[in-house]
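Everything below concerns the one structure shown next.
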Amino acid sequence: MNTKQDTKIDLGGPLSSSVIKTTIDTWQSSGDKDQYFDQTISHRKIIRRWNQLSRLQRSLVYAFFIILATLLIILYTAKSAASNVNKPKRKAELDPLKNSSLVNEPAVDLEQVKKIVYDTEINERPVFTGPGNARQFAVVESFKHAWRGYKEHAWGHDNLKPVSGMSFDWFSLGLTIVDSLDTAYIMGLNEEFEEGKEWIKNELIFTKNKDVNFFEVTIRVLGALLTNFHFTDDIMFLNKAKDLGERLMAAFSSPSGIPYSDVNLGSRTAHAPEWSHYSTTAEVTTVQLEFRELSRATNNPMFEEAASSVSEKIHQLPKKHGLVPIFINPNTGHFLPHATITLGARGDSYYEYLLKQWLQTGKRINYLLDDYVTAIEGVREYLAKRSSPNKRLFIGELSSGSESFNPKMDHLTCFLPGTLALGHANGLPDWHMTMAEELLYTCYLTYAAHPTFLAPEITHFNMVSTTDDMYTKTADAHSLLRPEFVESLWYMYQITGNTTYQDWGWQIYQGFEKYAKVPNGYTSLANVKSEKPIPRDMMESFFLSETLKYLYLLFSDDRFVIDLNKYVINSEAHPLPIHKN
């Protein structure tokens, strides 16, 4: 039998003579005719077997392939979305005059932003490999210098007075040890970490009959314990955090549920401060990240419920386009009428924690995003102004009583560029990043304007001037070595990848080294306008916990050492994991 003549090629339909001829020619020119013939027979068998299947069996096969294709599409989409989060939105524009107006941009479409949800629940412990370049090594040496001075002269006390070589106690909770321990861990300082951990294990107790500030202890001590538990998986840290959290719950015992400012940890009682019936708005709204994480870690919802209810109650209160007065009455649950409105002291972290709570809960609590976006639009409308003559963007205040505009900006307000950039990286509109870039440059100028290259506590701005845009009053010229500006530099560096922010941070670090470093540590300064500033003899715990930590992270070649897609950073620079809900 002639195989060439008798073999039929069934392709399911009539073919033109040219197609048939091409097919036969291809077959004849093949180096292996028998293989081609076998493949043809195999195809016919497959088709025959398919035709023998019942309609139900064919339907099941179709369903299987549809489900498989759907799963592959979902997996590909999820991977693409996760990779896009890591990509910088755009290069930072450093020219503060490039965008002369921030008031004509359209409002954000919140419904679109709310649809951007990423399931970023993580369980793995982070790995830190220590310093990787000369700048990071320098910051590590600074931390070791400060730690040695504290260990020698103030071990177990809250703060070191590095000039006199004495200790200072605020709450008698070893603040410097607890607050800065995760910095040592991130830097790879195992010896310092282990000796600090041993002190916490054996010496840190919360039974003293002593009042503490609810907010400060929450962000510095509770936040630090939770971060160290997450980093190390050492249950000792969680047990300490649980004991402290249960004692701090007394703050929520007010008639309104708005926390009292002062808590006696030993007696588990709370009360308003002696000087006022009011609590500070920022303080009562800057504990939610920590209490929520405590609930997740202990599987006890009471902590999260108490703290979240505060945010819900403040959400219901009337505001000035999202802007809040800086005092609130824990008895009535209402703001102090006509109190100052500011993004500086007593107001700042209310706005920060709106965004960060939304991120912490997997972007699923929408009223937090609503309140944040409304507030930032209020900042743009009422507080963001430009100085004269160079039109520097700054954030002023609405004064107590009259609510008239006051062109002064606390250094604390320099947290805002980082928060704005974080919001923009999570879907908020471009003008948030524009404002972040311009405001960050203004903050930089508050350092560059002084011979120490350090910023004062408060800067005042000229609205009508032909010479200087800003000036510093002598009473406001002190520096506590605060972290807010370098914090924003790190956010901007991670989100944009722009190394200019590293260079700015290095200039500031050199100012610390030249003017604040003393034999026993680092001291706050009385006047940054002086070429020989007088030391104030205090090393705050946040200098090690925040300022040096942010500088170390800022100088890293790997800008995702602590990935903002996986962590929210509390107001004291303690990273806490992001949850799915």
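Numbers run from 1 along the shown chain.
Including glycine, each Cβ sits where the backbone N, Cα and C put it.
Unlike curated entries, TrEMBL annotations are predicted automatically.
Noted in TrEMBL for the protein shown:
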- Glu216: active site, proton donor (ACT_SITE)
- Asp348: active site (ACT_SITE)
- Glu457: active site, proton donor (ACT_SITE)
- Glu484: active site (ACT_SITE)
- Ser571: Ca(2+) binding site (BINDING)
- Cys414-Cys443: disulfide bond (DISULFID)
- 59-78: transmembrane segment (TRANSMEM)
Neighbouring C-beta atoms (10 Å sphere around the C-beta of Cys443 (disulfide bond)):
27
If you draw a 10 Å sphere on the Cβ of Glu484 (active site), how many other Cβ atoms land inside?
24
Checking the recorded positions Glu216, Asp348, Cys414, which are within 10 Å of Glu484 (active site) at the Cα level?
Cys414
Same chain only, sequence gap of 6 or more: which residues have a CB within under 8 Å of the CB of Ser571 (Ca(2+) binding site)?
Ile219, Gly223, Thr286, Ser349, Glu352, Tyr353
Tell me the Cβ neighbour count for Cys414 (disulfide bond), meaning other Cβ atoms within 10 Å of its Cβ, over all protein chains shown.
30
Between Glu457 (active site, proton donor) and Cys443 (disulfide bond), how far is it from one CA atom to the other, in Å?
11
Please name the residue among the active-site residues Asp348, Glu457 whose C-beta has the most neighbouring C-beta atoms within 10 angstroms.
Asp348
Rounded Cα separation (Å) that holds between Cys443 (disulfide bond) and Asp348 (active site):
15
Just how many other Cβ atoms lie inside 10 Å of the Cβ on Glu216 (active site, proton donor)?
20
If I take the alpha carbons of Glu216 (active site, proton donor) and Asp348 (active site), what is the distance between them in whole Å?
14
What's the CA to CA span in angstrom from Asp348 (active site) over to Cys414 (disulfide bond)?
10
